[in-house]
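These features come from Swiss-Prot:
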type: DOMAIN; residues: 78-176; note: domain 'Fe2OG dioxygenase'
type: BINDING; residues: H96, D98, H157; note: Fe cation binding site
type: BINDING; residues: R167; note: 2-oxoglutarate binding site
Amino acid sequence: MLIEIPNVFSKQEVSHLREQLDARRWIDGNQTSGAMATTRKRNQQLDKDDPVAVALGQQIMDRLLAHPQFVSAALPLQFYPPLFNRYQGGETFGYHIDNAIRSTPDGMIRTDLSATLFLSEPESYQGGELVIQDTYGQQSIKLSAGSLVLYPSSSLHQVTPVLSGERTAAFMWLQSMVRDEGQRRLLFQLDQSIQTLTAQQAAEQELFNLTGIYHNLLRRWSEL
């Protein structure tokens, strides 16, 4: 399941984020690469321990945990703290699959979902599409600044070469309360239907029944 979430951050907020990011020292992006990815990856990143990157990453996590659509789709249990990368001058990241397990200060997490928060407007750079191969075929993603795409970490994906301009983004992984992608999709669809029916002031008893089904399925499928 691939979900695009628009306007997680406003244009003004993105501008403020970029001012802080652009002033930092960027390093070789292979810091977070697995052994197979190092030959395919050419980009720049902020060091994961950079204090500004850590603070902005926390700001992003706080925003996402307060975003109803993100929480509904991801059912987040634990984040790998957001990192920041940029591509320019032909830099690219060829097709790869993200590592299944990552280490955090609090222990190990299973990477169920990956997310990219775009911090450059699409017209400001040429190339740089996030191309994802999923069960519905190939999808090419290039969102407006402040918007986010969420997709299974098991997906084969790449960032195409940035031929001009600069593509800056935040990226992150998370472990979901529900490991199985199909189960997460069903829960998301059910929750979205409940929210739609609630807005339409549907019959209270039917909403009560559907909400009960949702929580009983979540209880059955979740791993905490």
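Quick reminder: no glycine exception, Cβ is built from N, Cα and C everywhere.
Overlay of Swiss-Prot annotations on the structure.
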residue : record                      : CB count, 10 Å
H96     : Fe cation binding site      : 16
D98     : Fe cation binding site      : 20
H157    : Fe cation binding site      : 23
R167    : 2-oxoglutarate binding site : 26
DSSP composition of the domain 'Fe2OG dioxygenase' (78-176), residue counts helix/strand/coil, works out to 3 helix, 67 strand, 29 coil
Measuring Cα to Cα, how far is H157 (Fe cation binding site) from R167 (2-oxoglutarate binding site) in Å? 17
